[in-house]
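See below for the structure under consideration.
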Amino acid sequence: MKRIFLFLITNLAVMVVLSATMRILGVDRFLTAQGLNLTGLLIFSAVIGFTGAIISLLMSKPMAKWSTGARVIDPNAPANQREAWLLDTVHQLADRAGIGRPEVAIYQGEPNAFATGAFRNDSLVAVSTGLLDSMTEEEVAAVLGHEVAHVANGDMVTLTLIQGVVNTFVVFLARVVGYFVDRAILKNERGVGLGYYATVIVCEIVFGILASIIVAWFSRQREYRADAGSAHLMGSREPMIRALARLGGLEPGELPKSFEASGISGKNGISAMFASHPPIQARIAALQHARLG
């Protein structure tokens, strides 16, 4: 709740600053004289910006299960020893992290895992068969610790709120620019014309791309923190380092020589700005130098 409150206050503060800046520069007076209500537009933009993000968060668990075909393990009747071990491991990690025990699921796919859910005490941790088949139990436990750390850190809520903030500004700025082009450049004086709608569409695309870079940057910072969280829950950084090395195709114990290789959702060059995960080598290097407490 504190995290949500702080982000909402931050969003409100930024909106107020933006509104005040426009008033000082005279943009507010010009647009208002032309029939545009900035206060109303800010409220409209916030509603649009946050509604989609919050709905996505609330639907994240069922959507994740549906999209991956994940099968939730019955905590009272695991089908085999591996499922029993998974349940026990996730529950132990959750207890150490001080959160409610998540649902645990398995899905068919390449080595990967994820955590989702709107609440710390009502989340889902899922792991792929590919990851279970390619890692040792200690490495799998480290990956599970990484996902539990995401839940404990409130990363799903944090990124949802960040997405809501940037969505708000994408919607708001696109319409301000569209109104300016329509009235000041195209000299349309009756309602809004095609120039307004065309400009809004183009601006939403451009601003949306820029906004995704911001969200991706925040996501990468949360990945570093979740790696450190796994090391803390495991009592050692080595299991997570070995798990990352295996995910990146490195030999266990091999030290990275550069930061050029891709991460789990590997990207290079300009596309790296849009990646939700840092490069594997960067994560290993950060974990090796992280202060664990």
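Yeah, the Cβs are placed from backbone N, Cα and C, and that goes for glycine too.
Record check, Swiss-Prot: Zn(2+) site residues include His146, His150, and the candidate from Glu83, Glu223 also listed there is Glu223. Within 8 A of the CB centroid of the Zn(2+) site residues His146, His150, Glu223, the other residues of that chain are Ala115, Glu147, Ala149, Asp155, Arg222, Arg225, Ala226, Asp227, Gly229, Ser230. For Glu147 (active site) paired with Glu223 (Zn(2+) binding site), the C-alpha to C-alpha distance reads 10 Å.
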